[in-house]
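**Q** This is the structure I have questions about; it appears just below.
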C-alpha cells in the first residue's frame, strides 16, 4: 500500500509540474490529436497524423504497466520504461512523456542526453546519485544525492546520469517535456556507431591508444 501511495503521489507531482511549463514541442491547435499510427504512409511529419476525433476513445489516453519492475539484469543494471507518443497515442502534440527507471543495487543509467526534452526526476525507492554537465567550455558538473521524495531537473540536451548508490533496488519516475524526447547514450553513440567512427578520430579525441579504442568498439 505504501509503495502504491508513493507511486501515485509521484505521478501527481509530475503532472502538476508540467502543467505549468511551456512545452518544447509545438503547441496544439485543438483539444487533442490522437496518433493515427498510420504505418502505410511514406510521408514523414514532425509529429503524427491525427485520428478522426469522432473515433477517439478513452483507451487512446490510457497506458498500463508502470507498476511493473523492469529487467535490470544487464551490464548497466538499469531499465527504462518510456511512455512516449509511440506507446500512448493521446500524447501527440501535448509536449510531454514520462518514464519509469529501475535500478539494480549499484545500477547505472549511463551518461546520456535527451535532444528534445528537459527531464524532471523524482525518487520513489532507494538512493540515487545524479548529475549533469554543462556545455563547453565550462563543462561544470552539478551532482546531488537523492533520497525518496527528492526531485531533480536535468536541463534540455545536457549530458546527465543516475546511479543507485545503495545495496537495494531503486525506482524513479521521470517526466520529459516532449512527446518524443529521444535519447543519445554517449558511450553507445561514440563507440557503437554504425558504421564505426574512425579509430584515428577517436584516438585524437580521447587521447587514448588505438588498441583501447578497438576494445571499446568491440564492447558496443
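Backbone N, Cα and C atoms are what each Cβ position is placed from, and that goes for glycine too.
Computed from a predicted structure; not experimentally measured.
Sharing the feature lines straight out of TrEMBL:
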SIGNAL    1-23  signal peptide
DISULFID  33-50  disulfide bond
DOMAIN    64-214  domain 'Cupin type-1'
BINDING   109, 114, 119  oxalate binding site
BINDING   112, 114, 119, 160  Mn(2+) binding site
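Help me picture these features in the structure, burial and contacts included.
**A** With a cut-off of 8 Å between CB atoms and residues at least 6 apart in sequence, the same chain places 33, 34, 35, 36, 92 near residue 50 (disulfide bond), listed in sequence order.
Counting every protein chain shown, the Cβ of residue 119 (oxalate binding site) has 23 other Cβ atoms within 10 Å.
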**Q** Give me the Cα-Cα distance between residue 119 (oxalate binding site) and residue 160 (Mn(2+) binding site), rounded to a whole Å.
**A** 10
**Q** Express the distance between the Cα positions of residue 114 (oxalate binding site) and residue 160 (Mn(2+) binding site) as a whole number of Å.
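**A** Cα of residue 114 (oxalate binding site) to Cα of residue 160 (Mn(2+) binding site) measures 9 Å after rounding.
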**Q** Which residues in the same chain, at least 6 apart in sequence, have a Cβ under 8 Å from the Cβ of residue 112 (Mn(2+) binding site)?
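**A** Listed in sequence order: 159, 160, 161, 183, 184, 185, 186.
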**Q** Does anything in the same chain, at least 6 positions from residue 109 (oxalate binding site), have a Cβ under 8 Å from its Cβ, and if so what?
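**A** Long-range Cβ contacts: 76, 78, 80, 101, 103, 161, 162, 163.
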